[in-house]
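Enquirer: My questions will all concern the structure given below.
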Amino acid sequence: MPSGCRCLHLVCLLCILGAPGQPVRADDCSSHCDLAHGCCAPDGSCRCDPGWEGLHCERCVRMPGCQHGTCHQPWQCICHSGWAGKFCDKDEHICTTQSPCQNGGQCMYDGGGEYHCVCLPGFHGRDCERKAGPCEQAGSPCRNGGQCQDDQGFALNFTCRCLVGFVGARCEVNVDDCLMRPCANGATCLDGINRFSCLCPEGFAGRFCTINLDDCASRPCQRGARCRDRVHDFDCLCPSGYGGKTCELVLPVPDPPTTVDTPLGPTSAVVVPATGPAPHSAGAGLLRISVKEVVRRQEAGLGEPSLVALVVFGALTAALVLATVLLTLRAWRRGVCPPGPCCYPAPHYAPACQDQECQVSMLPAGLPLPRDLPPEPGKTTAL
């Protein structure tokens, strides 16, 4: 035992500490403090053990919640007369003093503070407080967990108090939570009970499918190409010389164009209109272009559409010129002048046409008609 400390009781864990050289004054509180349930503090007051209370630690602490009881040891609940139960809250004379049964029900005491009521016909409940009303008669008509209410059975009709997510007279209708179309980007809405879920298409995520997944997050583009995100897809902006979905292909370098004069065998002619003045002959107005020249023009940079257009235009022009020549020859053989300048028989009345201006003159009256000039049918010559 250290100097200046003296234990007052075997149960007490506290000591009275005195200053060195000063006597310990234990008689200040020991005369009135219940040392069996506490000890003296340095200031002379009683310090109670756990489970005891009071100025002198003379009273035990009852069980928490004990209403009509006492204790002999800490944490007890000893009921007073007329009370029962764990917390002494049950009235043993409840059937005689309180009459809890309603609507003419008879109270029967069961002991230990418990009772039950014998209800009259048409009533039920612990205290016969409920009447056999519409809810009782309908046999729990509310569905999906709804609560039937009929004002304790005294209402004419019942009503159903529905849980969240259901509506209807008997809570039979599940509210369509997809009615407002909460899912975006073409997602499928799945209705539940007071909830919904979105089945997102590929490329989208989130509760409402509003998050576009970054397809460039995995860095699919090669060769240092820049990735551009799309909906469930991506594009790679490849540098020069590379191609493919992810720029994985090395594009070949095209060879410089070369011109080779290859013999093509027999030369074919393409007829196109000439640009200069044409002489008056059957072959006038024609320009011959060989296939070799066309090939050289194509190698010089003339595209296939332009070449096709050139050939078609040349063929049409050749056909038109040929038709004109044939018609001219046919008319010349018949002695009929083609449409154009006014023509009359040339001197000596030869069957030829002249391209000069017409000069109309009257024949002398005594000059006979030439025999080799046949008269035209349907025309009359005035002399």
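Every residue, even glycine, has its Cβ placed from backbone N, Cα and C.
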Enquirer: Need the cross-check against Swiss-Prot: the disulphide partner of C101, picked from C79, C117, C119.
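Expert: Disulfide pairing in Swiss-Prot: C101 with C117.
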Enquirer: C209 has a disulfide partner in Swiss-Prot; which of C200, C216 is it?
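Expert: Answer per the record: C200.
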Enquirer: Based on what Swiss-Prot records, which one of C48, C60, C66 is disulphide-bonded to C57?
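Expert: The record-listed partner cysteine is C48.
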Enquirer: Could you pull the disulfide partner of C79 out of C71, C77, C88, going by Swiss-Prot?
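Expert: When Swiss-Prot is consulted, C79 turns out to be bridged to C88.
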Enquirer: Near C142 (disulfide bond), meaning Cα within 10 Å, which of C88, C95, C162, C171, C183, C221 (disulfide-bonded residues)?
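Expert: So the list reads C162, C171.
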Enquirer: Within the domain 'EGF-like 5' (174-210), how many residues are helix, strand or coil going by DSSP?
Expert: 0 helix, 11 strand, 26 coil
Enquirer: Could you say which of the disulfide-bonded residues C33, C128 has its Cβ with the most other Cβ atoms inside 10 Å?
Expert: C33
Enquirer: I'd like to know the mean pLDDT over the topological domain 'Cytoplasmic' (328-383).
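Expert: Averaged over the topological domain 'Cytoplasmic' (328-383), per-residue pLDDT gives 53.
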Enquirer: Out of C88, C189, which of the disulfide-bonded residues has the smallest number of neighbouring Cβ atoms within 10 Å?
Expert: C189
